[in-house]
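One structure below.
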Amino acid sequence: MATPRRPAQNICRTDEITVLYVDGDAATSHSLAESVEREDERITVLTATDARGALDQFADGGADCIVSDYEMPKRDGIDLLKSVREDDPDLPFILFTDSGSERVASEAISAGVTDYLRKESSGDQYALLADRIVDAVDEYRAAGTVERQRDVCRAGQEIADIGFWEYDVEAETVYTSEGLLGLCGVAAQPDLRKEQLFDSYYPDDRPAIRDAFDRAVEAGESFDLELRLIDDDGHERWVRTQGEPRIKDGDTVRVRGSVQDVTEHKAQKRDLREDRDRYRHFVERATDVITVADTDGTIRYESPAVERIFGYPPEERVGDPVFEYVHPDDRQRVLSQFRELVDREADTAERIEFRYEGVDGSYRWIESIGTDRTETVINGVVVYSRDITDRKEREREIQQLTERLKLAVDGAGLGIWDWDMTTDEVEFNDQWAEILGYTPDEIEPHLDAWEKRVHPEDADPVQAALKEHIRDGTDFYETEHRMRTADGDWKWIRDIGRIVERDDDGTPLRAVGVHLDIDERKAHEQELERARRELRQIIDLIPDLVFAKNREGEYLLANEAAAELYGTTRENIEGRKEQDVIPDPADAEEFRQDDLEVIESGEPKYIPEEEITTADGETRILQTRKIPFEVPGRDEEAVLGYARDVTDLKQRERDLKRRNQQLDKFARIVSHDLRNPLEVASGRLELARQTCGSPHLDDIETALDRIDTIIADTLALARLGQTINEKQDIDLRARAEECWDSVETAGASFDPPESVTIRADPDRLKHVCENLFRNAIEHGGEGVTVSVDRLEDGFAITDDGSGLPEDVDIFEPGATTSADGNGFGLAIVEEIVTAHGWDIHATESEDGGARFEITDVDLRETGER
């Protein structure tokens, strides 16, 4: 609770004062009116929320003083001041604002403001404002505003770094304000010469100021220049130097002007240009859709995100009415809000959620907010739209959470304290006591009431922070500490205060501050810290490398696996740059280029193999995936990486390749050694047919053909099933139809699958389909139907034949129930499937036949990428 305002010392005060207060926030206006009227019962406050309303009330008369905020809709406080001055040059006008920049102060002074007062968080600001109002009205009514304007000028010099000067042409001397001497670094002295001021300018700019000054004296020309000064520390400062000659009888007798420090203003202009560049970059890369429309809703521009979310190329949408894409049930509501935004004086509309049609005819939920920029260079309505389709599915849960949060916020209050530091008496408001579970009567109005309730472990740091502030070491006293509640528990409190009054010797007299209950926030922070520790433990348990780096190559995150590979500790990696961590500089530079590529392109990168030399000189092979990453809460671009050490895997692959080569060599030798005698036997058989007609010769020929088939299947089993060639995108339907046409179907029928794309070795997939088709035809019986069906993660080949044999491992090489079969076909199928990383499972079909399901297949819709 704020300390009651002390009685005014000046007894000669105006009896009644009517004040017009102008602020764009109606709630703020109402609060200020009540507070100022409480401070001085002679004051009556009328309110207006914009410049137009204020001018209407001013025209009706009756206002003794106008108090205005600077920032308001459409027209700011300076515009209002200028309009008032056109009708009444001297009416008290106080600019009461938190926009305390040098530009605002300078413009206000130039426009004839009576007083300039910054808003403060302390409740005493209303007492100060009431005093300023009464002072201004007294002076206005009694003796005019001459001395007041001088005070305002002095205040303007302090606030806006501005100084004033006047040059007497006949005496050739310069009269200056203290502010000007401070800016120029010139000591106060009588008979100050203009050259002494010119010498404070930067050498290259001195000719310009001399020339402008000479032309003002000789030709009566005013000037307005931006030049550089050299301050006492030797630093350059940009200043705006203005001069206006005073003419008498055709001759210049005086030149008056000002010098204002605009260094900060020029820096702001530079920052503004940079902000515009960043904004353009933001718009083009924004994940939300940014739309610029005319006031009738015609699209003039849309950001590239509209194609990603809705499928529309941005350039094709220009000229379309935006409302045609809104869902019919939402259209009138959206149209009404858009018209309200365009017609009313407020610049920004409330957020609105509605459904929006995509290029495929489906609707997605979006959240939009519009801003009227018709009076800016944009000359249109800017609408920001975010895809909230997924969020809508959880809307009920979010709504419940929002309601609980609102209840918590509404229930939160501020405890206020007012400390007389000369007596240690403290005024506590009711909420201060209630936060700790006490009634106001239970809290004694003394500093002890606070000190004895602070947690013992927090007492020393709290006292240290308070003492540092008292010594004027900090702008505010601010701590977070625990305090004992009425039931003996401890509650976390955020305590913020400052000294608001000191005596002439600087001894503190009075301090005020607030208590805020942050117990829930602290509990949340502790839970968040626990979650971070758990997440860190999980990351550190991952056997593969996990890391994150920013654009400068600094490690933001590294797990234990990364530290082990680099031969150091996790703590020794995070916060350092990669060239300081990775042992081999060449490796570090290669990784750096990959990181920058991911960050700048915004696209993931997969690196199948990259080598790294460890701290002990060993070369390891990593399989790495990197994705763009934005550091939470910092808007910092980074890269998140995951790397697996595949050195041992690559060695096994090389060993397997070598063994397969040996196996292939062996198979060729066996094939050659078996086929040579087989060809001899076939030749002898033909000779035997020519010399005799024995019926046994046909059986011999059948046996020789079977041996040849066994040799071919053995070679296929050895060569096809071990490894696969590079996988390609294959249309399953087209490949299945091609394989069906290549086998002897013997009256069987075929039902092909729907079109779907799978990743496979084309030749090996052909062997799988043909062998399973032959198996169905050979074992399914006459008129069997074979079909290929799509599964969620693969495909199945099914027949309606006689089914699977019992007690036979059909995938075992040599296993067969057919007198003519050799048992290698399904074994080859299983080997090829396994080499692809797939699974195969044989079961009975719904029609009693055989069904082979092949799963874990990489598949997607045909045409999808």
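Every residue number used here counts from 1 along the chain in the order it is shown.
Just so it is clear, glycine is given a Cβ too, placed from its N, Cα and C backbone atoms.
Note that the coordinates shown come from a computational prediction; the quantities given were computed from them, not determined experimentally.
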Self-check item: Annotated range (TrEMBL: coiled coil) out of 66-93, 290-317, 514-541, 738-765
Solution: 514-541
Practice problem: Could you give the residue numbers and ranges of same-chain residues that sit at least 6 residues beyond the coiled coil (514-541) on either side and whose C-beta is under 8 angstroms from one of its C-beta atoms? | Solution: 408, 412-417, 432, 435, 480, 491-497, 557, 559-561, 570
Quiz item: Which of 223-274, 401-473, 606-658 has the most Cβ pairs closer than 8 Å to the domain 'Response regulatory' (18-134)?
Solution: 223-274
Exercise. Tell me the residue counts in helix, strand and coil for the domain 'PAC' (223-274), as DSSP assigns them.
Key: 12 helix, 32 strand, 8 coil
Exercise. Restricting to the same chain and to sequence separations of six or more, state which residues have a Cβ under 8 Å from that of D69 (4-aspartylphosphate).
Key: V22, D23, G24, T28, G77, F96, T97
Quiz prompt | Stretch-averaged pLDDT - the domain 'PAC' (606-658) | solution = 85
